[in-house]
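Copied over from TrEMBL:
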- 1-21: signal peptide (SIGNAL)
- 161-213: region 'Disordered' (REGION)
- 286-530: domain 'GOST seven transmembrane' (DOMAIN)
- 290-310: transmembrane segment (TRANSMEM)
- 322-344: transmembrane segment (TRANSMEM)
- 356-382: transmembrane segment (TRANSMEM)
- 394-412: transmembrane segment (TRANSMEM)
- 424-446: transmembrane segment (TRANSMEM)
- 473-492: transmembrane segment (TRANSMEM)
- 498-518: transmembrane segment (TRANSMEM)
Amino acid sequence: MGRHGGVGLAVFVLVLVFCEARRHKLALKNDSRFVVHLNTFGFFANGTLDVNVLSLRLPEDNSKHPVGFSLYKSRVNGMLSYTAEETAVCPLIRHSGVEPFFLFLIDTNNLRVNVRSYGDQDSILTQLKTDKTLTKDSGSRRRRATVNDLKVTVQKSNVEEKKKDAELKEGTKEEKKKDAELKEGTKEEMKKDAELKEEGTKEEKKPEPKEEKMGRINRLTLDVQKINGSYSFSFHMVIGQLDEGLYNLDFHYCENILPGNNRPYTLNVEVTEKNPGGYLSAAEIPLPRLYIFMAGVFFIIAMVWVYTLLKHRYSVFKIHWLMAALAFTKSISLVFHSINYHFINTEGHPIEGWAVMYYITHLLKGALLFITLALIGTGWAFVKYILSDKEKKIFMIVIPLQVLANVAYIIIESTEEGSSEYALWKEVLFLVDLICCGAILFPVIWSIRHLQEASSTDGKAAMNLEKLKLFRHYYVMIVCYIYFTRIIAILLKVTVPFQWQWCYEFLVEVSTLIFFVLTGYKFRPASNNPYLQLPLDEEDVEMDEVVTESGSCSQGW
């Protein structure tokens with residue numbers, strides 16, 4: 001397990017450098033997908049979206065088919081929002097619906113981006129200009145000056161002081177020139193006053209939301225720069241009150257949607273999304289507090305479990321301490337998960353040290369969970385100390401698959417959604433996780449079958465029936481836990497409003513807590529637990545039967 005854990009950690013460190021969480025940097029080279037899902041983010045009102053297309057290289061003779069970006073509100077993430085019919089038609093050509101939908105159509109011939117908007121919307125769109133064009137716009141000049149002021153150093157201030165001294169020494173000449181300009185510059189001042197008035201009126205109109213509500217984004221154009229055959233542009237969007245929701249940002253190359261077309265293109269883009277409170281999506285904002293709270297709850301039940309083990313130390317087996325280790329590992333993993341989300345919210349990206357600690361504990365927690373459940377299902381350490389060949393094969397399958405599932409999870413969490421390998425690893429995680437969940441049911445089924453046969457052949461019928469009832473309960477618990485966390489919770493996630501999708505994580509953690517508590521209660525170290533009763537002779541068997549018939553033993557546990 002240490003070797004596999006090292007592999008998972010190495011994979012994480014390798015892929016971490018390509019992802020900066022909510023500050024996304026995606027570089028696609030020779031990609032041929034007709035649609036690339038860049039990201040999904042839940043925006044509250046006054047949330048911002050910054051898109052900076054650093055370079056876009058397209059094949060020659062591309063003017064016949066539209067190319068561009070789409071930003072649209074959706075209830076689900078990524079490619080799940082596309083139906084079979086919609087994937088056959090490029091959304092840059094035809095769109096139908098009432099939800100806010102924004103298109104950014106790149107016109108390579110006229111070097112501009114034509115913006116189209118559909119549905120009721122009140123967002124604000126502005127273009128982020130390059131350094132060459134900043135001097136043309138007074139508002140951009142003022143914004144650039146503010147940024148420069150924040151980055152002033154001591155050396156720069158010293159240089160400016162020297163310049164001021166030089167200006168004071170030569171001030172007499174400048175004063176004479178200014179006097180001449182004041183005498184002969186009446187016309188120039190009038191022109192400047194007119195220009196200042198025009199610029200002032202433009203600047204006053206921009207922040208007024210009332211004049212730019214309905215359709216103010218529609219029919220706007222953005223400038224595109226072309227350098228050495230590479231196109232670049234950028235824009236800044238402020239989400240309005242009517243437009244808040246879950247949005248998908250996609251890149252479309254409509255020519256490749258046609259059968260047989262596989263023309264490659266190169267895209268290098270930076271995307272930064274932010275809500276008023278930080279860099280987390282709307283559904284992720286409560287997660288840091290949720291994870292730290294659940295970490296405290298799991299730590300409390302871990303301490304209660306250790307106290308129970310110390311109180312009944314003569315009935316404790318190794319599997320009980322393994323269950324304690326699982327509870328503590330789960331608590332520590334949630335602590336690091338909360339810290340990881342905190343730094344993503346404040347910095348826009350995870351801190352590498354905390355992220356590595358989270359993934360290590362997440363890897364250990366996943367391995368311990370499936371190993372513990374499988375060992376309980378086989379009855380190891382409770383009723384036997386040797387695993388059969390079939391049970392050993394289950395562990396030989398489950399443990400490597402669980403390591404693979406955790407490695408896939410690490411890659412998914414630290415890779416951009418638009419990368420080609422993201423979808424592949426997501427499918428691998430889903431498939432491997434289902435296989436692991438199904439594999440741990442086999443030991444329970446085998447134990448139930450074994451107890452059914454033993455109850456009818458030997459003289460321990462009463463005790464075997466109690467164990468059989470317990471194993472059936474355990475089987476139902478595992479099935480309910482798997483279905484709820486893998487299926488039902490996901491269905492709830494896509495049905496609730498976007499700002500309440502964090503309830504999915506809450507339900508998963510609460511169901512895990514309930515499953516841990518029920519498993520610990522049913523297999524607790526106690527003298528009256530039928531699962532732990534191992535009579536050694538016929539007298540103990542008879543006593544067990546008498547106690548069972550009198551109803552004094554554990555009722556169904």
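Backbone N, Cα and C define each Cβ position, glycine as well.
Just so it is clear, the model here is predicted, and its values are computed rather than measured.
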Tertiary contacts of the transmembrane segment (424-446) (same chain, 6+ residues out, Cβ under 8 Å): 370, 373-374, 377-378, 390-391, 394, 397-398, 401-402, 404-405, 408-409, 411-412, 415, 471, 474-475, 478-479, 482, 486
Cβ-based contact of the transmembrane segment (290-310) with the transmembrane segment (498-518), 3 or more pairs under 8 Å: yes
Within-chain partners of the transmembrane segment (498-518) [C-beta distance under 8 Å, separation at least 6 from its ends]: 42, 44, 75, 245-246, 282-287, 290-291, 294, 297-298, 301, 326-327, 330, 334, 477, 481, 484-485, 489-490, 492
